[in-house]
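Notes follow the structure.
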Amino acid sequence: MLIRKNPNGIDLPFPSEITPREVYEGRRAFLAKVAASAVVGSSLWEMATREAFAQGTVQKLPATRNPAFSTNEKQTSFDDATHYNNFYEFGTDKADPAANAHTLKTRPWTVQIEGEVKKPQTIDLDRLVKLAPLEERIYRLRCVEGWSMVIPWVGYSLSSLIRQVEPTSNAKYIEFTSLADRSQMPGVKSRVLEWPYVEGLRMDEAMHPLTLLTVGMYGQVLPNQNGAPVRIVVPWKYGFKSAKSIVKIRFLREQPRTAWNGIAPDEYGFYSNVNPNVDHPRWSQATERRIGEGGLFTPKRKTLLFNGYNEVASLYTGMDLKKLY
Amino acid sequence: MAFNPTPTQFKALKAVLFMLALLPFLRMAWLTAAGVPVDPVEFLTHGSGDWALYLLCATLAVTPLRRLTGWNWLVRLRRMVGLFTFFYAFMHFMTFLWFDHFFDVAAMWKDVLKRPFITVGFAAFVLLIPLAATSTNGMIKRLGRNWARLHKVIYAIAPLAILHYWWMKAGKHNFEQPIVWGSIVGVLLLLRVWWSLSRPRTEKRVTTASVRS
């Protein structure tokens, strides 16, 4: 009963690794009870899982810190990082995601992988989480709006997933599609963006070890408002490049039309590398406010090229980053 | 609908209005001091800008309200509402100059000149200064008829403020609020155009005189 098979025939062990013992044991007792009453439907497992999530239990994620990809800078408080962010599917105000994202159902969840790839498939979340060992990486996050945070993410290099699905030599770009479900996401009714939210990377950017397939933060499962259950984090690019709540990954020959770039190409480039020398048309990008660092009277920090991740510079040799911003 | 407050009632009304208009400032100051907003600079910038706009609309609403209700005493509240508009606009500008630019005037000018949305916002603020400066009884007397002429600048300030708001939201395609407040300003200004076209010249002079009361 605890082992299910998905359409691809891959065994899915019970996700006890990402669930606290008492929760899954409680669920087991619950399942046993219902099973005893001989009403075992296929939705039962999901129901039970949802129950555990609805209780708001903190779901710990086992991860080993990777110091090679971490910073010692002071981390943003969990409260600020989860109550001040943009996730337009839940509203345009930065307090909206935390207020509205509880309606998002993150189980069951699958990610469809298609396009220029030898092994197109639909991956179940539990399998996705186990595809590679989870690492904790403390990254700087720079929002295009001029603020920044330091967040300990949990995940593994996106390249681990990409290698397993074997993109063909035609795959030059990768495109991420976020969930856009009106019934769970009140912001999708608005017309501020074309839904679903789409973001993309060039293949070499996606393969860079820094690009993180992310399933957690602060040692626990991603809160809904931060892009649960699976998102991308690309720390040398402005935050909006890091797609949240991903349901589809496509490998493409051509550069995809991404959400912000499509709607306001003069303001949001496809690359959107953090760059203090390229202003946003409506504000300077030379400095940033580190959230939670001091207060009103604390001077802003100087923004660093590639958000300080100089190891990615070689990806852009020969490119005019003022034109290809 | 005829309502004429007694001097005591009027005083009380004015005091209540003063407190109401001050409340947003007190709230912002209190929350910021308590460290509640995650990004205090954004919080103060948006809060002060929003309230400058709301009070600008309230100022512009006085004349139409007065005409529709016949409550001529409303005009005696207008100076205070107008000054509060300037107060919040000043706070908006100071947040920009102080907490966003840390008094780096060169960087501020660069922003003002380079970015149209800041240019129009800055222009609206600068145009408010002479209006605020000439709000005293002495200045009203000294300027005579020119006072009313000068204060017509508000008809330019209001569209500039809306344009500033519109452009600020344009990058994120978030037009809900600009449409709401743009429509309000539009109606308040169009009413004046309508009335000015449909009334005889002699009446105009009477109104000008009463404006100064």
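Each Cβ is built from the backbone N, Cα and C atoms, and glycine gets one as well.
In the shown protein chains, 27 other C-beta atoms lie within 10 A of the C-beta of A:ALA243 (Mo-molybdopterin binding site). Look at A:ALA243 (Mo-molybdopterin binding site): DSSP puts it in coil. Residues or ranges marked as Mo-molybdopterin binding site in TrEMBL: A:ASN85, A:TYR88, A:GLU89, A:CYS143, A:SER178, A:ASN226, A:ARG231, A:SER242, A:ALA243, A:LYS244.
Annotation comment: TrEMBL describes A:105-260 as domain 'Oxidoreductase molybdopterin-binding'.
Under DSSP, A:GLU89 (Mo-molybdopterin binding site) is assigned to a helix (H, G or I) in the three-state scheme. Long-range neighbours of A:SER178 (Mo-molybdopterin binding site) (same chain, six or more residues apart, CB within less than 8 Å of its CB): A:GLU89, A:PRO196, A:TYR197, A:VAL198, A:GLU199, A:ALA243, A:LYS244, A:SER245, A:ILE246, A:VAL247. With every protein chain in view, the residue among the binding-site residues A:ASN85, A:GLU89, A:ARG231 whose Cβ has the most Cβ partners within 10 Å turns out to be A:GLU89. Under the DSSP three-state reduction, A:ARG231 (Mo-molybdopterin binding site) is assigned to strand.
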